[in-house]
Amino acid sequence: MSEPRPPLLRDAPRLALLALAGVIMLMPYIWMVAASMKPLDEIFRASLSLWPERFFAIENYGKVFATIPVGRYLWNGLVVCGGILFFQLLFAVPAGYALAKLRFPGKDLVFGAVMLGLLVPPHVQALPLYVAFSQVGLLNSYTALIAPFTISVFAIFLFRQFFRSLPDDLIHAARLDGFSELAIVWRVVLPNAWPAATAFAIFSVVAHWNDLFWPLIVVNGTDYATPALGVLFFRSAEAGDDFGALMAAAVIMTAPLVIAFLLAQRRFVEGIATTGLKG
Amino acid sequence: MALTRAARAPWGEAAAAWMLSAPAVLAYVLMLALPTLATVLLAFTDFELGATGFRWIGLDNFAEMLSDRGFGISLRNTLIYVGLVTPGSIAGALALALLIEAGLRGRTLFRAVFFLPVVSLTVAMAAAWQYLLHPTIGPLNAMLRLAGLGAPEWLSSSSTVLVSLAAIGIWENLGFNLVLFLAGLTAIPRELYAAAEVDGARSAWDRFRLVTWPMLGPTTLFVLTITMIRAVRVFDTVAVLTQGGPNKASQVLLYTMYEEGFTYFRLGYSAAVTLVFLAIVLAIMWLQTKLLDKRVHYV
């Protein structure tokens, strides 16, 4: 509230309180990383020292890479998130444009359907989709992991809202220049909608990288397992008792998104806050 | 050129609009509308995966739910979980947001720290919590023993498991709510505080009570709704840490639905559970619009 910085001393209690809360918040990370560098006997002694007496990181991380196909899981996560995002944008951006800027019979119906779709959590469709995918033999495939999420009513809604604020003159000018409606969408409207698109992209990737529910249903075996399933598989393969290696696996699978977050903190926070609607 | 002029004519515009919407409409029907409808229909059948046929059994699935002790526990646990996570993560987030907003130092740093769990792989962090809360080798109990306090079996005793899961849930949701509150706080015009001070609101508490809290109304309602919905959807931590145990003490709706559907393959019953889940989510949203109409408009 005060414009000039208050002296550090007066600010100290506030910072101390926040730091305390921050340390509590980071507790799982701190202990996860610490345990991933300790040998099992040290972990079982339950000492409170964070730094390992015997540095065991190479063994723990090595064991993870030796027992599970880490690269495979991360690659699967990348393919699934990338595929989902690609189709979500491919389908939602043109539809959002049509709803925002074009007049057509049935528009209210389409928009009503979008609003209705916003009310339904994705878990509701799981049972019939599972039956359908198993009928056509598509369980354990990228298709099964990606297809259900290709439609994002939330993306349509978000893009519609954003496109509505674009000036009509921009679109009229493009039409006069001989652009087709499809060209307008991808070459005029979308380049002007990057804030909405990045925000949605971050929201979508975070949601699907972290999703466990749907992959757990349609995937068994390692070929198409996502990082979330990878941690789960490693845990059951190791009987869950080698905490050092388990923590190493957790660190590896958590790292990509956390690193991306630390590099682009602002965008992440704003992206998820503006798109938070869907939760 | 002829095409351009056609696109400007209303029928051309309509054709273009439908062409642009067609992929989304198709995906919507196939992946959202039909499956949702199918779930509703399934709930009134005794369909089981692998069985040759199915019968329409009307409300029998719902009747079974009423008499099923497991379902009752699952519903009750879900409500308790929501009842713990919602106030916990909202009050915590609001307090921290006010602390962060009260000064200029460390904003970005603390926002990042508290937001970290939102972007972390839940399954992996659940494993970290499992270690942290481990009754014998876990650091938390090691600290408690050092302080001479008891060593509860956080996740493996039926009296503490739900509270432990809720604590993890608060930890997961707090950063998300914090960011929303920070956005809401920044939007409050500074003059209001000055005006309140002129009117005699001297203490920080008075300023909070008279300006911040009322002005934050819409944000708080939004945060409340979204937290409740996210909490009703609890699944990952239960699936990883407890599988609903011990002795059903952490059985929650989505996990019950998952077990009935994909472990026992009783799809009809599982669909009925799904509908209960959907009904709760819809009820929360309905409540939000009701409250939105009523009170929280100040500006």
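Each Cβ is built from the backbone N, Cα and C atoms, and glycine gets one as well.
Unlike curated entries, TrEMBL annotations are predicted automatically.
The transmembrane segment annotation in TrEMBL covers A:12-31 (among others).
As annotated by TrEMBL, transmembrane segment applies to A:73-97 (among others).
Annotated domain 'ABC transmembrane type-1' per TrEMBL: A:74-264, in sequence order.
According to TrEMBL, the feature transmembrane segment maps to A:109-133 (among others). Remote same-chain partners of the transmembrane segment (A:109-133), defined as residues 6 or more beyond its termini with a Cβ less than 8 Å from a stretch Cβ, comprise 95, 98-99, 139, 143-144, 148-149, 151, 153-154, 156-157, 160, 213-214, 217-218, 278.
Within the chain carrying the transmembrane segment (A:145-163), a Cβ under 8 angstroms from the stretch's Cβ atoms is held by residues 80, 83-84, 87-89, 91-93, 95-97, 99-101, 111, 113-115, 117-118, 122, 125, 129, 189, 193, 195-196, 199-200, 204, 208, 214-215, 218-219, 224, 226, 275, 277-278, all 6 or more beyond its ends. Among the features that TrEMBL reports, transmembrane segment is placed at A:145-163 (among others).
As annotated by TrEMBL, transmembrane segment applies to A:184-209 (among others).
Summarising the annotation, TrEMBL assigns transmembrane segment to A:243-264 (among others). Long-range Cβ contacts of the transmembrane segment (A:243-264) within its own chain (Cβ-Cβ under 8 Å, at least 6 residues beyond either end) map to 32-33, 35-40, 43, 56-57, 59-61, 63-64, 67-68, 70, 73-74, 77, 205-206, 209-210, 227-228, 230-231, 234-235.
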Seminar exercise, completed: Other same-chain positions with a Cβ less than 8 Å from the transmembrane segment (A:73-97) and lying at least 6 residues past its termini are 110, 142, 145-146, 149-152, 155-160, 162-163, 182, 184-186, 189-190, 193, 197, 200-201, 204-205, 208-209, 215, 222, 224-227, 229-230, 253, 256
